[in-house]
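If you check TrEMBL, you get these features:
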type: TRANSMEM; residues: 131-157; note: transmembrane segment
type: TRANSMEM; residues: 178-197; note: transmembrane segment
type: TRANSMEM; residues: 266-286; note: transmembrane segment
type: TRANSMEM; residues: 307-327; note: transmembrane segment
type: TRANSMEM; residues: 339-363; note: transmembrane segment
type: TRANSMEM; residues: 384-405; note: transmembrane segment
type: TRANSMEM; residues: 425-448; note: transmembrane segment
type: TRANSMEM; residues: 494-516; note: transmembrane segment
type: TRANSMEM; residues: 522-546; note: transmembrane segment
type: REGION; residues: 767-818; note: region 'Disordered'
type: COMPBIAS; residues: 773-782; note: compositional bias 'Basic and acidic residues'
Amino acid sequence: MQFEEAAVLVPGPDTRVVELRVHGVMGNTAESLVDAVSAVDVDGDTVGRVVRPADRMRRPVPGPVLHAGGRPVPRTVEGYVWGRMTSGGWAKATWALLFPFSLANVAHWMLPPTRADHRGSVLLGAALRGLLRLVAVLLTLLFVAQWAVVCLDLVAAQCLAPGASCLPSAPDWLRELTVLRALLGMAPVALVVLGLHRVSAVDWRSRETRLTAPARQLRRMPAASVVADPDTPALRSLHTTAALAVTTLLTTGGPTGPAVGGAVAVLWWASVALLLASVAGVLALDDPTGAAEEDRIRRVLGPGPRAVLLTCAGVLFALTALTPPPMTGALPGSDDTVLAVAVGLAVCCGLVAALLAPAAWLARGEWAGQPRDLRPWAGGWMAAPVLALAGLLGGGFGAGVAITTRQVLRSPELVLPPGYTGITLLWGAGAALGLVATLALVAVLAVLRRIAERRGRFVPPEVELLHAGRPEDARVAARAWWLAELQRRYGHRVLVGFTGLLSAGAITAGAIKLGGRGMPGWAAPLSGIGVVALAALAVGLLRIVYVAACRPDAARRVGLLADLASFWPREAHPTVPPCYALKVVPELTARALEHLDRPGTRVVLVGHSQGSLLATVTAARVLQALPESERGRIGLVTAGSQLQWAYPRAFPAVVPHSSLVELSGELRGRWRSLCRGTDPLGGAVSTWSRQVYGGKLLGVGFRQDGAEGPLPSAVRSDTGALVLGGDHWLPDPQAAPVDGRRWTPGVLGHRDYFADPEWDRAIAMAAGLERPPTPRERKRTTPEPPPSGALPRTRTVLTRPAVLRPPVPEVPEQAKPH
C-alpha cells in the first residue's frame, strides 16, 4: 500500500506565516480570538473587524514565533471578528422571534441534491422548492393573523367593546368610536408588518474586494451555492402584500366571507385577490438558472409591479381601518382565518414530507458508497421534520402570546378563537409525551452506563491510548466522551422525536376537532398542560429578546441556533436575519489574497466551530483564485468542527462529502483538524471508521493523494496528541502544563483549542513547513495474541468495518519535525 507524502516547502529567509483566524457562532472578543491581553483593529468595518494583538501603546504586534523546519519562522496572528452581525441592540434581539421563519429557510438548504440527468428528480426538486416557499408565506400569514387576533380581536373588539368590564380605566367615548378602536387595533399589526419588511431588507454589504477570475474551477466546491438570491426583493414584496391582505380578510369576515355587504364586501374581495396574487407569485419564483421563462417572471415581478402591489395592499389596509365592520364582540373571522392558514400549513408540510421520500431515494447514489454514519440524516429526509417544527413553533408562539395576553388582562369576557383549544391540546399532548419519553430515555441511559462500568467497557480504547499511565484523567475523560458522543450521534434523532411527538399531538387535536363532539374529559388535563407550555414558550422567547438586547454577551449563548440559521442566504423565506457568510467569506478571501501578494508568505486559514465552515469555504475560493504554482502557500486548520458529523449530513446538496474530499486533495496534507472526543459540538473531519487494534489507532479517511482509504496507524506527537490522517486527537484533560503555553486545567471540551500545545505543530503542517506523520517502515507486524484466545478489544467510533485487519505499516511512536 503506497501513501503519497505531502511536499514540504523549505523556509527561506523571507518566509513568514499569517494565521488568519475566524471564530464560531457564540462569538469571541477580539482579545480571545488572537489569544492576547490586548487587540486592535487593522482593517475592516464596524461589523467585520480584522484584529491583531497589540502592545501597551495599542500598536499591532506580530504573533509568537512559529518553530518549524528546524528554525524559527515569523508569524502574524490575525482574527476576523463578525459577532456584531448577529447580536447587539434591540433590532437584532427581535430576530429571535423570527426563528420559525429561519427554520423554514434552513429546510430549503437541507433538501437532497437533484440529479440533472433524471427528469423525475428535477421535477421533484422544483415541486419541493415551490412548496417550501408556499409554507414560508403561510408562516408569515399565521404570524400576522395571530398578532391581529391579539391586538384587533382581544383588545380592540372585545376588551374595548361598549359595556365591557375589561380595562375599566378606558374612557366611554373611546368604546363608542368603532373607527378609533379599529385604528388602535390595526396600528400594532401595521408596525409588525413594517418591521418584517424592514428586516427582510437588511443586508450586510461586503467591502470592495479584489478578486481575480478563478484560475481553475473546482468541480464541487463546499457551499458553492451559498450566494445571494436575486428573487429576494420580489419575495419580500409578496410576503408584505399577503400579510396586509390577511389582516383585511380576518377583519372583514374571514375565509367564509363578510356577514354584511357594501364596502366591507368590496374590501373582502380585494383582500382575496391580493392573497391569490401573492401565492401565485411565490409559487412562480424559483432558483435562478437563467432560463427565459424565469426571466419573464422576474420582469413581471420587477420594481414597478412590486410597487403597485404594495401600494394596493397599503391602501386596502388603510380603508379597512377607516371602514371597519361592527365590533361589538369577538370578530367572527378570527377563528376561521387562523384555522384555514394552519390547515393549509399542515397540508403543505405533509406534501413536503411525502415528496421528500422519493426525492431522497433518487439522490441516494450520492452517498450509497459511504459508511452509514457519514450518510445524510434520516436518509436525506431531514428537511421534513425541520419544516414541521417551524410550523409548530410558529403556531405555538402566536397562541402563547394570545393566552398570556388574556391572562394579563384578567377579564372573563375575553374569548379566544375556538381553534386555539386544539393548539393547547397538541402542545399539552406533546409536552406530556415528551416528558414520559425523556424520563424513560434517561433511565435507559443510566442503566446502560452502569452496565458498561461494571463490565469495564466504559473507558473507550482511544481514551486509554491518549491518557496512558493516567487512570484518573482517563476516568474523567471517559465520562465526557460518553456524553459528547451521545449528543453528536443522537442529537438529530431527538429533534425528529420531538417533532414527531408534537405532530402526534396535532393529529390528536385534529381528530377531536373533526369529530365535532367537543373536548373529551380525558383531554382537559392535556389542554391545561398545553396552556402552561404555550405561555412558557411566549414568555421565554420574549425574555430572550430582552436579554439579547440588554446583555450582548449572554445573547451570543441564547442565540446559538439563530446564529447557525443566519449562515444561510434567504431562499424560501425573505424575513430572516441577513446572511453573514455573504460578507465574511469574500472579505476573508480578499484578506488572504492580499497577504499572498507578498512573496514568501504562507497563509493558514483557521476556523473554530462554525468558523471552520467559513474558513473551509474561504480556502476553496482562495484555491480557485490562485494559479497552480501558488496553491502550496495556502493551508487550513479546523478546530472543534462540525464538518463531518453535522454539515454534510444535514445539507447533502450544499456541503456534500465529495466536496470535502476534493478540497482535501487540493490541499495535499495541508488541512489539519484538531479534535477532542470530549467536545459535544466538534468532532473528527478527515477520518472515520476508527478502531483500536493491537494498541494502535486505525481508521479510514482522506489521504494525501486526494483519495479516500485506509490510513497508516496514528502517530503520537511530542505533545501527547494522536495524529491519524489529518485529525489531531488531543488529550483532554491535558497531561501537564507546558513551558511557554497557557495552562487550563480540567476538561476543556469545545473551548480553548488555541492554548493546546499541539496547535503550533498543526499550523506548521498546514503552512507546508512540516511534513505530516507518515510511516517510515513498510514491514508488517502481528500484534501479541490476546489472552485466553479472546478477540482483540476493539471499538468503532463511527462505523465498524466488515473485516478486522491487522495494522497497516508500523510507524515510530514519536513524530520528529522536519
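Glycine is no exception: its Cβ is also placed from the backbone N, Cα and C atoms.
Most Cβ pairs under 8 Å to the transmembrane segment (522-546), among the stretches 266-286, 339-363, 425-448, 494-516, belong to 425-448. Relative to the transmembrane segment (425-448), the listed stretch 494-516 leads the set 307-327, 339-363, 384-405, 494-516 in CB pairs under 8 A. Tertiary proximity for the transmembrane segment (131-157) is limited to same-chain residues at least six positions away from its ends with a CB under 8 Å from its CB atoms, namely 100-101, 104-105, 107-108, 111, 181-182, 184-186, 188-189, 192-193, 196, 235, 238-239, 242-243, 246-247, 250-251, 278-279, 282-283, 285, 327-331, 334, 337-338, 341-342, 344-345, 348-349, 351-352, 355, 383, 387, 390-391, 394-395, 398-399, 401-402, 405-406, 409, 414, 416-417, 572-573, 575. Non-local neighbours of the transmembrane segment (494-516) in the same chain are 346, 378, 382, 385-386, 388-389, 392, 419, 422-423, 425-430, 433-434, 437, 523; each lies 6+ residues outside the stretch with a CB under 8 Å from one of its CB atoms. Residues 111-115, 118, 120-121, 124-125, 127-128, 131-132, 134-135, 138-139, 141-142, 145, 246, 254-255, 376, 379-381, 383-384, 387-388, 391, 394-395, 417, 419, 506, 510, 652-653 of the same chain lie 6+ residues outside the transmembrane segment (339-363) yet bring a C-beta within less than 8 angstroms of a C-beta in it.
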